[in-house]
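Step one of this worksheet: look at the structure below.
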Amino acid sequence: MSERKFFGTDGIRGKVGSGQMTPELALKLGWAAGRVLSRSGTNKVIIGKDTRISGYMFESALEAGLSAAGLNVMLMGPMPTPAVAYLTRTFRAEAGVVISASHNPYYDNGIKFFSNDGSKLDDNLELEIEAELEKPLECVESHLLGKVSRIEDARGRYIEYCKGNFPADQTLTGLKIVVDCAHGATYHIAPAVFRELGAEVIAIGDKPNGVNINDKVGATSMAKICETVLTEGADLGIALDGDGDRIMMVNSRGEVIDGDQILYILACDAKARGVLRGGVVGTLMSNLGLDLALQALDIPFARSKVGDRYVMELLKELDWRIGGENSGHILNLDHGTTGDGIVAGILVLAAMRRQNATLEQLTAPMEMLPQVLVNVRFEGEHDPLSSDKVKAAQALVESQLGARGRVLLRKSGTEPLIRVMVEGDDHNTVLAHANLIADAVKSAS
């Protein structure tokens with residue numbers, strides 16, 4: 001496959017006004033995508049965005065570019081990423097476009113595409129779009145220009161879709177839930193979903209102003225929701241990230257429930273109902289505790305590379321349905337085509353209701369093992385991981401950890417770093433093992 005110049009593993013992303021994230025590129029990208037997408041299909045594209053102040057600028061630029069290529073554009077306004085995927089399918093659009101940098105600060109933004117079935121755009125189509133970007137922009141004739149309209153009921157459509165994933169014979173009456181929207185795209189969606197299902201909802205991170213997205217709130221900053229759950233005496237908390245495709249939870253004791261624990265709950269519930277197909281896909285960073293807990297239930301477990309794109313690829317390869325990352329990207333292909341924080345939360349709540357159990361009770365059988373990550377910077381072209389000294393240190397640690405431990409060494413994809421991750425039963429022992437390997441990496445670099 002050819003090397004991609006613009007698209008990364010999750011679209012195009014960067015600091016606004018520099019590099020690739022400029023209005024000029026967005027205009028040209030809209031036109032290039034329109035040229036490729038107009039070759040077949042309905043000539044209709046949906047655009048959604050999160051709450052960053054730069055979203056308006058990029059929305060206008062993309063809209064102009066797509067229109068110049070002859071495509072009709074339907075604007076959703078601020079809506080979660082999974083909502084764009086869902087409405088792309090239901091409107092039979094040729095593609096969906098999301099303007100978001102997910103969990104990044106407000107000064108970053110990004111653009112990613114969904115295909116007509118709500119999945120991430122095929123690599124070959126991204127390469128075709130990149131090829132068009134190299135050409136001069138040529139507007140279609142005036143009578144062929146695309147029109148622009150707004151989906152007035154996008155919010156209501158998506159709220160009903162989310163609620164449809166909860167059992168019709170159950171409610172959330174009697175539950176007090178703190179919902180943290182990260183001042184992001186779910187601010188007008190998530191609280192309404194859980195309230196309409198009957199819960200008492202305390203919303204935080206629900207007042208976006210364009211520059212406060214993910215600022216000390218949301219799934220990547222859990223201190224505030226943990227504190228709020230305790231002070232409000234809530235049963236649990238649900239924290240979403242800026243574009244709503246990631247979830248972390250909090251139990252009534254104020255303890256964080258991460259993506260690995262959520263996967264365990266969903267797998268156990270699916271197995272109990274006889275609907276679990278195959279096993280569960282995690283990543284190289286998934287806690288060993290998840291692997292061991294699933295083994296105890298005879299549920300297969302497989303690891304992909306880090307990134308929800310790779311989780312999806314392995315799910316499709318194995319024909320399994322449930323997978324995700326410890327960071328909170330949760331995929332359940334029986335309930336959608338992409339990670340959806342709100343729907344994942346609903347599925348956990350459904351499991352709680354079906355089993356008449358608390359979040360603490362559902363996660364109790366899974367023991368999270370201590371995990372230590374040490375980053376070691378290196379210079380030059382030499383690969384420290386090929387060093388005999390590093391290999392010997394890794395082998396020594398692995399032999400001492402045995403079946404209840406794990407070592408992972410990998411290069412960072414963005415920085416000159418070797419990431420040393422060690423898991424085991426005792427935190428101090430794990431820390432010592434991680435430092436032993438890190439010292440070997442340092443001496444080899």
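The backbone N, Cα and C atoms fix where each Cβ goes, and this holds for glycine too.
For the Mg(2+) site, Swiss-Prot records D241, D243, D245, and the single candidate of S102, S115, S386, S387 listed with them is S102. Counted within 10 Å of its Cβ, the other Cβ atoms near D245 (Mg(2+) binding site) come to 31, all protein chains included. D241 (Mg(2+) binding site) sits 7 Å from S102 (phosphoserine), taking the Cα positions as reference.
Each residue contributes its Cα atom, and for D245 (Mg(2+) binding site) and S102 (phosphoserine) those atoms are 8 Å apart.
Each of D50, P80, T81, S100, H103, G184, A185, L240, G242, G244, R246, G339, G341 belongs to the same chain as S102, D241, D243, D245, is absent from that list, and has a C-beta within 8 angstroms of the C-beta centroid marking the Mg(2+) site. Counting only the Cα atoms, the space from S102 (phosphoserine) to D243 (Mg(2+) binding site) is about 5 angstrom.
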